[in-house]
Amino acid sequence: MRKPFIAGNWKMNKTPSEARELVNKLKEITGNRTDVDMAVCPNDVSLQGVVEELASTNIKVGAQNMHWKESGAYTGETAPGMLADLGIEYIIIGHSERRQIFNETDQDVNRKVKSALQYDLKPIICVGESLAEREAGKTKETVTFQVKAALAGVRSEDIEKVTIAYEPIWAIGTGESASAEQAADTINKIRKIIAELAPGKESEVRIQYGGSVKPHNIEEFMSKPDIDGALVGGASLEAESFAGVIENASK
Ligand SMILES: O=C[C@H](O)COP(=O)(O)O
């Protein structure tokens, strides 16, 4: 039985002081839950403060991006060992904003996934089609390619440490989520790909949906057996709404 997993991706929002304030509210409302795995993913400059504030709670901390190299002359980048040293548990890899705005390739995503696993960081790998790809009937083709590329060369025993977040690009930040049926259909396909890549692991890998998830629609997504939780953007920026998503995910 896979435990529901709700993660908040704050993107480039919240100063370090605002981040502390937000998680302080959040931990009061939902910090002790054990029925849902919970994580927040602030910007790098807020990570340390958030780790400190959440130290004695069940809310884990993730980062939004990292380089795959151990160290070196990569100005502006963050190495996996730096995140691991801070006590970070999750790392979002290959978010569509990284792919589209910062030209991150499938090969970069694969390098980051393998590097994260070496440092015991648990990857949340984002995949998803654009509106043009969906309209051209290429959703499954696109997502299949992204999942296979991201997991190329990953050992079967490591695959269960990975979470996949299926985030159709057209549903991100638009208020227009995919329907639960659309999400479940693609997520079921992703589970079949995991079965091909690592037989037996398909029942262990958690697959989230992401894209305009709110407290009022999470229950419908969670009613689909293949959907294990959500990667939440906008609704994770307020303690009450993020806690509402968590609460309703467990119903
Ligand atoms: O990583 C989170 C996603 O991009 C979803 O963002 P959103 O919930 O604001 O649509």
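The chain as shown is numbered from 1 upward.
Glycine is no exception: its Cβ is also placed from the backbone N, Cα and C atoms.
TrEMBL lists ASN9, TRP10, LYS11, SER212, GLY233, GLY234 as substrate-binding residues, and of the candidates GLY49, GLY153, GLY173 the one it assigns to that same site is GLY173.
Counting Cβ atoms from all protein chains shown, GLY234 (substrate binding site) has 20 others lying within 10 Å of its own Cβ.
Taking the mean position of the Cβ atoms of ASN9, TRP10, LYS11, GLY173, SER212, GLY233, GLY234 as the substrate site, the remaining residues of that chain whose Cβ falls within 8 Å of it are ILE172, VAL232, ALA235, SER236, LEU237.
Highest local Cβ density among the recorded positions TRP10, HIS95 belongs to HIS95, counted as other Cβ atoms within 10 Å over all protein chains shown. Between the CA atoms of TRP10 (substrate binding site) and HIS95 (active site, electrophile) there is a gap of 12 Å. If you check the recorded positions ASN9, LYS11, HIS95, GLY233, GLY234 against GLU167 (active site, proton acceptor), the ones with a Cα inside 10 Å of its Cα are HIS95.
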